[in-house]
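*Asks:* Can you read through this structure? Questions will come right after.
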Amino acid sequence: MSTSVVASKLFRLPKKMSSNQLPEFPSDQKSFELKNVVGNIKSSYTPQAVTANAPTSEKISQIISNSPLANYVPLFVMLPLGVITRENEFPDQENMERWLTELRKAGVDGVMVDVWWGIIEAGPKRYNWNSYKRLFQIVQKCGLRIQAIMSFHQCGGNIGDAVYIPLPEWVLAIGEGDKDIFYTNRSGNRNPEYLSLGVDNLPIFRGRTTIEMYKDFMQSFREEMVDLMESETIMDIEVGLGPAGEMRYPSYPQDQGWKFPGIGEFQCYDKYMKREFKDAAAKAGHPEWDLPDDAGTYNDTPEKTGFFSANGTYLSEKGKFFLTWYSNKLIEHGDQILDEANKVFQGRNVRLSIKVSGIHWWYADDSHACELTSGYYNVKGRDGYRPVARMISRHYGTLNFTCLEMINSEQPADAKSAPEQLVQQVLSGGWVENVDIAGENALSRYDRKGYNQILLNVRPNGVHKYGPPKYKMVGVTYLRFSDELFESKNFKIFKQFVKKMHADMDYMREMTDVPILWRSKSKIPIEKLLEATEPIKPISWDNVTDMSVGGPFADFLDNILDKLFSILK
């Protein structure tokens, strides 16, 4: 068992308490007493770190032996996308503080906040953090911790985008003169929601490269938020690596007409990526190869294309070469930016994470078409996610995966969707690669069935009464903070969900302590990363969670009580 599976932090026991004197799995009456067990928890060890004095997995197991605390999984809530407006204002401070207080009372561990590049950097290296500092100070006042997303993408054009926040105006102005800085499909349509990875290392942004702009932004964030980082209020830095903050290509943009379950389109037809592909093809001895011209359009199905159909181009030597190049470019993009983020935040008690998108439609089709257009080369006989996890491991990072709430039977049959198997594949691969796994729901849900599916994925083999579960995620972020969430019935169920995330234990702030971030290990050669494409058998999942928030009978009782209260009113 890897150390990251065994535990995500050290539990230092009080001197007068031995490991065999730890309390049994607590009832509600006992859970307060557990605070005494973890009162002096300090995160002094990174499980994945390789150091001379690093404890062995056996030593960690001994330290937390018989402790129920290792079953606790923190729960965070995403704040509204526009909590800070496009004009860099924080207009609703009073109501926000009131609702944050309610979340804290419900046992929520923290909140996730998009920190928009397009709001903060009004001009080259001109940053204004005032509104975010006020927001973060209120979050701190309410006793919550912060997951900060370095949001280098546009808000608007994706599912759930309720506001419009573009990239910085001065960056868009450069794009007016050079439209190839944006991702481009085969028809020539530009997508300004994220800069093409083809310009990652080109100094065309007033003398800076894309990577340098992102590094400078993160450095400014660290300098301005130093007090909030020293107090460990900010405990997670999620680095945006693509549209919607996810490490993928913008292959299915709604504002260009995509509709579920379309296969999407490859996004590599800007002049910079075209040039890189031609160079790679020539180096491989095939200068005649070009980018795909038979992959269809956004709303096609696989069988309507030459590329994704049975015995299609994707199975040919040329197709495999292209897909390897396309997916490798995305991994290299993530690796470069994570390396810069690690340089900026190393030495702080923060978790560094990235988000991988849950492209569950067409997963049950041989082609996995939408995964391929998104940059995840995941087909029968090839794992497209484990190389990503292996790349993350060198930065001591966390893989944050979406669609935890989705159930196969709820998806339309014509989409050939299999979210349950997708989640199992990605999580299993991450644990094998010794990285911490976090997760999110993809769509807002307030029902017990959705919550129970999340809880099943959080601890796929259930809780362990006297120690760590066999497998466990390090945290879940609930999408999203809204008026609907705070409706009486919905919030009642949500509070039950929080309690079950905590394995029936009361809120404990110490359980969101994170270790000091170590400097990234040496770069892993692409050949070594690609060894992880070898498929593995996913771990076994239980059929149902042992921490259920209830089922149909609980829903029936809720409806009866709602009717009674309505009559009494």
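Cβ atoms are placed via backbone N, Cα and C, with glycine included.
Feature table excerpt (TrEMBL):
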ACT_SITE  GLU246  active site, proton donor
ACT_SITE  GLU440  active site, proton acceptor
BINDING   ASP114, HIS153, ASP161, LYS355, HIS360, THR402, ASN441, ALA442, ARG480  substrate binding site
*Asks:* Using C-alpha atoms only, work out the spacing between GLU440 (active site, proton acceptor) and ARG480 (substrate binding site) and round it to an integer in Å.
*Replies:* 10
*Asks:* Please report the Cα separation of ASP114 (substrate binding site) and GLU246 (active site, proton donor) in Å, rounded to an integer.
*Replies:* 12
*Asks:* Could you say which of the binding-site residues HIS360, ARG480 has its Cβ with the most other Cβ atoms inside 10 Å?
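*Replies:* Neighbour-count leader: HIS360.
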*Asks:* Over all shown protein chains, what is the count of other CB atoms within 10 A of the CB belonging to the residue listed as 'active site, proton acceptor'?
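*Replies:* Here the count is 22.
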*Asks:* Distance check, please: Cα of HIS360 (substrate binding site) against Cα of GLU246 (active site, proton donor), rounded to an integer number of angstrom.
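*Replies:* The separation of the Cα atoms works out to 15 Å.
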*Asks:* Neighbour count, 10 Å Cβ-Cβ cut-off, for ASP114 (substrate binding site): what number do you get?
*Replies:* 23
*Asks:* Measuring Cα to Cα, how far is GLU246 (active site, proton donor) from ASN441 (substrate binding site) in Å?
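*Replies:* Cα-Cα distance, GLU246 (active site, proton donor) to ASN441 (substrate binding site): 14 Å.
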